[in-house]
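S.K.: Per TrEMBL, the features are:
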- Arg39, Arg45: NADP(+) binding site (BINDING)
- Arg130, Ser131, Ser132, Asn253, Ala254, Gly298, Lys313, Pro314, Ile315, Pro316, Thr317, Arg339: FMN binding site (BINDING)
Amino acid sequence: MRYLTAGESHGPQLTAIIEGLPAQMPLTAEMINKELKRRQGGHGRGRRMQIEKDTVEIVSGVRHGKTLGSPVALVVKNDDWKHWTNIMGIEPIEDTDEVKRQITRPRPGHADLNGGMKYGHRDLRNVLERSSARETTVRVAVGAVAKQLLSQMGVEIVAHVTEIGGIKVNPESYQGKTAAEIREIVENDAVYCADPSVTQQMTDLIDETKKNGDSIGGTVEVIVEGMPAGIGSYVHYDRKLDSKIAAAMMSINAFKGVEFGIGFEMARKPGSEVHDEIQWTEGLGYTRKTNNLGGFEGGMTTGMPIVVRGVMKPIPTLYKPLQSVDIDSKEPFQASIERSDSCAVPAASIVAEHVIAWEVANALIEQFDADQMPRLKENLQNYLNYTKEY
Ligand code: EPS
């Protein structure tokens with residue numbers, strides 16, 4: 001499967017085209033809208049989220065609630081567009097106030113300066129409109145389609161926030177819980193945290209940060225349950241599924257690092273305390289005593305849950321701006337102030353869940369004959385039976 005997205009943050013709409021979905025998969029806009037709403041939530045979001053009520057329109061590839069096997073096109077309209085029709089107008093405009101309101105003071109940490117140099121833009125709005133995390137809306141819509149495929153295959157995926165600005169969850173609080181149980185907790189939590197005992201501290205810190213005109217980052221974790229062993233490949237670097245997942249995590253705006261299982265802790269432990277011992281039981285097949293490697297060996301799934309975390313830097317748009325340089329005068333100035341969120345880590349956890357859902361669904365589609373949903377399910381079941389007895 002593959003997909004492409006298009007759209008500027010304050011343009012008329014976001015668009016995605018997905019190619020390669022199996023036919024006969026149930027799909028409705030309602031399934032996608034539920035996820036779009038979750039992405040808009042989470043304590044720390046700014047005023048834009050009160051303007052937008054993201055909903056998707058499926059404009060091709062689906063008939064009477066089921067996929068046709070043809071490309072699926074998704075559209076999410078930007079409600080804010082009505083306030084930006086001049087500044088973001090598609091047609092050429094005269095030298096009006098809008099043209100004079102150019103952005104020439106790049107924000108440190110954003111794509112502004114490097115993007116301006118790359119494409120030769122003197123108005124940095126031409127960069128920030130596309131580099132904005134607004135684009136993640138339509139990637140969540142695409143991921144929601146992938147999640148629909150996963151749910152048909154018995155694969156469950158959930159994301160949760162594990163740290164905000166130094167306040168960490170206690171993993172023992174959700175240890176042993178299934179992805180579905182974690183989802184239940186997260187969906188009722190203000191910062192999408194699976195350990196509600198730290199929620200208040202996190203929301204207080206976000207409020208305090210906002211008051212100071214600052215921003216904070218954090219970490220999110222994605223758990224995928226129900227993946228069979230041997231998905232992905234060890235034979236070539238670009239077929240390793242863990243590397244694709246890592247790339248997907250890094251593709252989320254403001255993400256700077258990824259780890260699987262016990263992650264960077266592996267650097268501090270001997271092999272005997274890292275590798276997951278193998279066992280076999282009648283009915284269950286092969287399992288591991290631990291899951292320190294986060295569900296991957298040799299670029300392939302082990303059959304244990306996939307556990308992957310990503311770190312998000314603090315959002316670079318600050319109400320208390322940092323030092324920058326005006327690209328016209330070359331004089332030192334404070335960076336531009338744009339409306340922004342003080343913390344988008346909870347929202348980013350939803351994005352992480354969806355971009356990883358896409359990679360996992362795509363890996364299943366690549367592994368099995370997947371032109372139509374019933375055959376895909378049958379192939380997966382046969383493969384699961386085979387791996388148990390292998
Ligand atoms: C963003 C800036 C803010 C965020 C936006 C991402 O938008 P605006 O400039 O319109 O206030 O709200 O996020 C979204 C619109 C969204 O849907 O997540 C940025 O600069 O990246």
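Residue numbering: from 1, along the chain as shown.
Glycine is no exception: its Cβ is also placed from the backbone N, Cα and C atoms.
Give me the local environment of each listed feature.
M.R.: Using a 10 Å Cβ-Cβ cutoff, Arg39 (NADP(+) binding site) registers 27 neighbours. For the recorded site, Arg39 (NADP(+) binding site), the DSSP three-state label reads helix.
Its Cβ taken as reference, Ala254 (FMN binding site) is surrounded by 19 other Cβ atoms within 10 Å in the chains shown.
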S.K.: Of the binding-site residues Arg130, Ser132, Ala254, Ile315, which sits closest to Arg45 (NADP(+) binding site) by Cα distance?
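M.R.: Comparing Cα positions, the closest of these binding-site residues turns out to be Ile315.
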S.K.: Cα-Cα separation of Arg130 (FMN binding site) and Arg39 (NADP(+) binding site), in Å?
M.R.: 18
S.K.: Relative to ligand 1, which of the binding-site residues Arg45, Ser132, Ala254 have a Cβ found under 6 Å from one of its atoms?
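M.R.: What lies within reach of ligand 1, judged by Cβ under 6 Å, is Ser132.
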S.K.: Take the C-alpha atoms of Lys313 (FMN binding site) and Arg39 (NADP(+) binding site) and report the distance between them in angstrom, rounded.
M.R.: 18
S.K.: Using Cβ-Cβ distances, find the residues under 8 Å from Thr317 (FMN binding site) that belong to the same chain and are at least 6 apart in sequence, listing them in sequence order.
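M.R.: Set apart from Thr317 (FMN binding site) by at least 6 residues yet with Cβ under 8 Å, we have Arg107, His110, Ser215, Ile337, Glu338, Arg339, Ser340.
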